[in-house]
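Shown below is the structure under consideration.
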């Protein structure tokens, strides 16, 4: 089975599907499934745009609304997770997953499904320690704080995933598992992203909860995005008990832009005799049922149950009987129903409504699943919150768990000592800001190289699909042992090569000598001043490095571009 893996989507569905179609035609293959690793941006209308935490210049409708309205249909089954630039009000309608458009499926806050016998799991959002222990208390209309905290992952979802005992084939997260960079070509990563060196050397880059899940789940493949760079690694896990040690192949990809490595086709063996459609996973359903009483929609801090004598129950893993009970609840039918329903109007270019205000909507898919399994519809429960305030209803903050566990105090420290959400925090005197996005500042020689590339960029040939090539697994995390590791095969870029561009390519004596790629194209960063593909770079006063606030860091990142 051929699976296309996409990095950050940023609403560019048309371009992604066009690229897949081109690769299928050129290589004579058929892509069975597309996996998108976050920043999907399922924007249906102007209301959804107001629920995206992005700078105003990036609030564009893109193309998803066409798939939502039925004007277009996804040509390949698409499964995605959420990132930190999403129409959060839309995704919150589907906390346990569901269809956002025909043939496009969201995994929910966290989830596991099956496709042709392959178990595919994912965790939406990025890690921020200050919100990690809270409930999902943010619902539209958002304020400036909840607009960002809504996409921060919660320990409730990580706790559920830690109950999974059966092998997982593929797992997706938006930000990287902390430490994964030690298992690949680390120096190549630092060559591309110089400002990440301090975090890599101190092992503070990435998500600690994702690191824990990687050690627990040990999937065959782990796919991520967020840092806008292609990076491959192989991690050999320590054996669990008498079982053979497992190996995880990690791959992160760039965002969908011209001349960026944003798409990779991976060959995954399918299991004979499996259903061809998308299916619920019995173990995951049983875990959802078992942990439903732990769900909260308040900002009160929560600690997972532990085997410390304080809780009647701390193990919520699924027994065979619990899995059979979950299947029985679905009348023995595991196939995910094709029950997509539009809950809001779709964007109409001829009748724009820029003044529409976001509202909280329930989704019939969630309502139906909750009724079958006895789950809590979190959107429906949001009616108990003060409108838009994110505060609990009277008396709700004083609740205690049924097993006697206190929900904690806001003064308690997080289990993780610092924020390591994938945003660099190192002091980098060369880093500059291009409006809302951080990047490295090219020197004079690099500027000349960019000008040369600008002149011949149409001659750069489209890099086609080759089999996924990964380095041998290693267990030594010392960077000195990583020099022999090789990279993945070249990934696909955006627009297929036209006949004219191919002719120009033939005229270039040595296209391979053009070793650098454009970081932005003129359409993305142009300001109308005729400065070409490279915008004027502004150096920021170094004093600001120590004073940048969290909102700026999430919107643009201190050193890592996120949009």
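Backbone N, Cα and C atoms are what each Cβ position is placed from, and that goes for glycine too.
Keep in mind that TrEMBL annotations are predicted by a computer and have not been checked by a curator.
Fair warning: this is a prediction, and the values are worked out from it, not measured in the lab.
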I'm validating the feature mapping. Which of 386-428, 429-471 is tagged region 'Disordered' in TrEMBL?
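From TrEMBL, the annotated region 'Disordered' range turns out to be 386-428.
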Mind checking how the domain 'Lariat debranching enzyme C-terminal' (235-379) divides into helix, strand and coil residues in DSSP?
34 helix, 18 strand, 93 coil
Find the average pLDDT over the domain 'Lariat debranching enzyme C-terminal' (235-379) in the predicted model and report it.
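Averaging the confidence scores along the domain 'Lariat debranching enzyme C-terminal' (235-379) gives 94.
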